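Participant: What TrEMBL records for this protein is below:
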{"type": "DOMAIN", "residues": "3-62", "note": "domain 'TRAM'"}
{"type": "BINDING", "residues": "299, 328, 349, 398", "note": "S-adenosyl-L-methionine binding site"}
{"type": "ACT_SITE", "residues": "425", "note": "active site"}
{"type": "ACT_SITE", "residues": "425", "note": "active site, nucleophile"}
Ligand SMILES: C[S@@+](CC[C@H](N)C(=O)[O-])C[C@H]1O[C@@H](n2cnc3c(N)ncnc32)[C@H](O)[C@@H]1O
């Protein structure tokens, strides 16, 4: 039965709601059908792409009725680039679906009573909110169906984003609404310069080509970092490209490049060359300054990161005499953000460079009550560690999407800190961990925050208090 459904067209399905991970849901003969790039209220014909015994995945091929909640997507690359998949849904509804996602995951997985989920904190900026963008050069531009059908020959060099699920195809981006306009100017000027000067774009199959990747980082202090990755060690061409950027954009405060001859674009293990300016930019938050190097992690929506950290700090209700553990501390941003209100903050994270940044950020901000340790959480947070340090009064934890390792959850249960503030970018794994913590903790507050407008992603902060 399942196999027979593949490629079948199902007519006049009404899209009912959006489920987890932004998938729109309809039903056909009682079976769930997940459809992409539609809105609740749409009536559509779909073609089945995947058919399993309990659900189907399908693509919309015709829209009979448009939902009243639809809005006109603002970006010409919508539907192709995969970056802002919810542009066609009005922002208020995006927010309500994000909040609902949290409610659904907790009801389904957390198996513990939760209080009413607070109204989600939306983002003031719903466009141009990112402080970091990463663009790829390719000599294999993604062509539209019309371009292919026209039989004409087109420029195949491109600078933009990977097409979802196609590592080798890049959509050439003319305007991206995720980062301020300087980012568009730099990207477009560099592409034009490279085309005019016949500088080669990277070939992902052959693994050659001079221009490989472009990263632009901005900060609320006005500082700008531009990193160009080259796929070949060609000093003359590198000089030409970098000098062009320096001359055309004198406001770049940190102009860097990397010669990356590896198979992939990751550069944590590569040397960074400073062409002009400093090798870091400064981000500000309240009265703190954070130094961000080319390899440092920093939350990509600075304003919403501030909202998120304020929620975490409020939930922690620090009075000044507490020992706080900040688990998965990254570059120690939360640890440093709460340090003035605590007796001591201990941050743990497995990326050693991030821990170095965290220490540096404490030093810059003259915070002398923080300690940072690098290591895998499940190994480092053990009885010895607790013996050497003080027992925590508050634990703030902000794990990656996979959530916390079971050993870490068990350690938290053993530690019995009076409060746990759990920050998460994945309510499903957060709810799973909360179910385990439910053995000793109750959920007191649940506060979703929107860090990524136009996407289904939602950040969620939960306050757990130890049962008396
Ligand atoms: C969601 S980020 C949190 C970042 C930080 N709290 C912030 O707001 O900037 C999760 C962090 O956990 C770290 N991490 C992932 N797995 C880890 C593990 N097993 N042990 C320690 N840290 C880990 C990642 O390197 C990353 O910095």
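Cβ atoms are placed via backbone N, Cα and C, with glycine included.
Curation does not apply to TrEMBL; its annotations are automatic.
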Participant: In whole Å, note down how far the CA of residue 425 (active site) lies from the CA of residue 328 (S-adenosyl-L-methionine binding site).
Facilitator: 13
Participant: Max Cα distance spanning 299, 328, 349, 398 (S-adenosyl-L-methionine binders), Å?
Facilitator: 15
Participant: Among the recorded positions 299, 349, 398, 425, which residue has its Cβ surrounded by the fewest other Cβ atoms within 10 Å?
Facilitator: 425
Participant: Per DSSP, the residue listed as 'active site' is which: helix, strand or coil?
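Facilitator: The residue listed as 'active site' sits in coil per DSSP, no helix or strand.
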Participant: What does DSSP give as the helix, strand and coil breakdown of the domain 'TRAM' (3-62)?
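Facilitator: Breakdown, helix to coil: 6 helix, 36 strand, 18 coil.
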Participant: Can you name every residue in this chain, apart from 299, 328, 349, 398, with its Cβ inside 8 Å of the center of the Cβ atoms of the recorded S-adenosyl-L-methionine site?
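Facilitator: So the extra residues in range turn out to be 297, 326, 327, 329, 330, 333, 334, 399, 423.
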Participant: Could you measure between the residue listed as 'active site' and residue 398 (S-adenosyl-L-methionine binding site) for me? Cα positions, answer in whole angstrom.
Facilitator: 8
Participant: Where does residue 349 (S-adenosyl-L-methionine binding site) sit by DSSP, helix, strand or coil?
Facilitator: strand
